[in-house]
Each structure stands twice: as C-alpha cells, then as structure tokens.
Amino acid sequence: MNKKSIRDVDLKGKRVFCRVDFNVPMKEGKITDETRIRAALPTIQYLVEQGAKVILASHLGRPKGQAVEELRLTPVAARLGELLGKDVKKADEAFGPVAQEMVAAMNEGDVLVLENVRFYAGEEKNDAELAKEFAALADIFVNDAFGAAHRAHASTAGIADYLPAVSGLLMEKELDVLGKALSNPERPFTAIIGGAKVKDKIGVIRHLLDKVDNLIIGGGLAYTFVKALGHEIGLSLCEDDKIELAKEFMQLAKEKGVNFYMPVDVVITEEFSETATTQIVGIDSIPSNWEGVDIGPKTREIYADVIKNSKLVVWNGPMGVFEMTPFAEGTKAVGQALADAEDTYSVIGGGDSAAAVEKFGMADKMSHISTGGGASLEFMEGKELPGVVCLNDK
C-alpha cells in the first residue's frame, strides 16, 4: 500500500482523531454483534502503546443529522472499555467546548469516544466547517473505518484537508489484501458473485472479468443469466432490463478465456418460509409457478471443486436465501468448501457473505473477512475510495 499508516508517524503525546467503524447492531440499548469494535482494537491498542491521546469518532445508524437518544455511542464506549481493560471516557458531543475540555484533560494513552458524528447534518454533506471543528481537536487524523471508506464525509475525508492523514492497521490490512487480490493475484483466481440483484454487481463483474480465471454466479442474480440463455425461470427473481447485459457478460467471459460457472440445478419452492417444501430440479426445468431460491447439490459439487483448485477466492454475495433454513444449503456448501480448501486464500467481501460465514460458524476458517460491504464492493469495481484517496502518500 502506498499510503502512510500509523506505523509511519511519531504518535507520542499527539492528539489523534481516529475515525473507526463502530456502527454495530443494537437491540434495546444492547450491542448484539461487537465484531466491528473488536476489529478496531489492534489500532486503538497500538495508539495507546505509542503514547497517543486517542480520540475515537464513529457513526451509528442513520440519525439523519440530529441527536437520537438510542443512537448515542455510550454503550459502545462502555464495551470498548471492557475490551481494552481500561477506563474509556465518552463525550456527549463530537466537537465544541465540552469535547475540547475533555481532550485538554487527556494524558498519553488515554482513550475518549466522541458522540455519534451523524448527529450533525454536516457530516454526510462533507461540510468543511464541521471537518475543521473535528480537526481542531487533534494533531493527526487516522482513518481506520474501511466500512465507511467509500463515503466522502466530514469525518472520513473532509478532515484530511486540515490534518496529516494516515491509515490505521485495519484499513491498511483491508487495502493490502484487496489490493493484492486485484493487482497481483495468485492463480487460479476465482470470484464468486451472488446476492439478489445483477444491478448491484454490474461494476464488480465487469471489473473482475479482466482479472479472474473463474467466475462463479449464484444467488438471485443468477436467474437473469439463466433466462438470458433461453431457459424458463418460473417465478424466480429476474431483471428483464439486464438480460442483454447478462448475455454480454457471458460473451465477454468467452472472449477473455474466463470459465463462467452457472447453476446446473436449483432448489425451488412454492412458498417463501422457514417450513417451505422444496424440490430440486435441473436449471431448464423450473415449473411456471415455482421460484428458485438456492443452488442445487450438483452445482454445489461443481463450485466446491473449482474452489478447491483455486489459489485465491474472492466471495461476494450468498448463493441463496441463507437466512431461511430450507434455502441455506448452497451458501453453506460454498462456505464449507472454502473452509476445507488447504491451499486457497479466501477473501470474504463483507456484507451478507460475512454474515453467512459467521452464522455457519466458519469465520475462523476464512483467510480474510472484509469489514466493509459497500466499500469492498466499490474497491472490487476498481473505484477510488474517498476515505483512502485523502490519506498521505508514503
């Protein structure tokens, strides 16, 4: 990575404004999944050990520019203190006199959590005045919020106009892993693209067709490709306005020598529920009033075989409606194949794929699970991320 990280700067005694991603799911004031807090710990601990005054900023939920009581970061600060085993202070605002006083009272190695930055309308507008207010609290800006790196907001990008800007350790790892995958992949390189909609994955498929050896398609978006081949798909998801594009992608794969894998059999159902009756049919045999909801067993075997023989696999998007037990087997099989593959480096591209490997207890078997769904998607589309572009070059 050609951007400076916290390892490249002197931090002792410095006030560090560190943008983290503490956007954790909450239920009745309790954190239901603390993965993102844990992911930020190495950076926070490094800053503490180096004798920095650590000022943490994050968003939580979508308060839309005003204070919302249940979206305060108070429970997050409390949990962070437990995880760090030290006292963590919490400010009730993200800038201004109260925050400044609390920062002024900090000693080296102290940690302070600012209030939810999205309580201020200027945050999502990347307002220069708000960015200046944030910058006034600190000497250095650290961006460790890969999950928000595709956003040009005041605390993720704007602040870098007023302070030296470097990446945290999590951001650095994300950029290294994803960057290496796209620029210098070990081969065979396989991408698995799933999820519901073709339109969400157009950029990724287009960009990856230039880079991969194998492209595996699954999830709801597969049926648009199936229909493009002339098959009936019953009531399965389909984007009729993307059929020509699907044909174009399949033609491109052929021209570029990319192996393009699609389901050969599918799990179908007449009702969308936990207790649904399902059948397995060939891809060209979906009855008119049934819908495809998962990849079938033959497809799972083919996909698992491709995975096993790959050196690098990037997975973005589930193979079926994995949240419901009868439609989860395809996604589980792909996860299991990645978990079992001995010589394969597996990169899970955040979002639903990450949720799936967590749900099936396979997370510790994956080489890298990205902490940013939208950010990793845009990175894989070859787009520049505002929260990365703004960092100082080495």
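Including glycine, each Cβ sits where the backbone N, Cα and C put it.
When the candidates R7, R79, R118 are compared with the substrate site entry in Swiss-Prot, which names D21, F22, N23, R36, H59, L60, G61, R62, R151, the shared residue is R118.
Under the three-state DSSP scheme, S183 (phosphoserine) falls in the helix class. Residue pair H59 (substrate binding site) / G351 (ATP binding site) shows a Cα separation of 17 Å. Between the alpha carbons (Cα) of T299 (phosphothreonine) and G292 (ATP binding site) lies a span of roughly 13 Å.
Whole-number maximum of the Cα to Cα distances across the substrate-binding residues D21, F22, N23, R36, H59, L60, G61, R62, R118, R151: 18 angstrom. Other residues of the same chain near the substrate site, with their Cβ within 8 Å of the Cβ centroid of D21, F22, N23, R36, H59, L60, G61, R62, R118, R151, are S58, N116, G147, A148. G61 (substrate binding site) carries neither a helix nor a strand DSSP state and counts as coil. For the pair S353 (ATP binding site) and R118 (substrate binding site), the Cα-Cα distance reads 27 Å.
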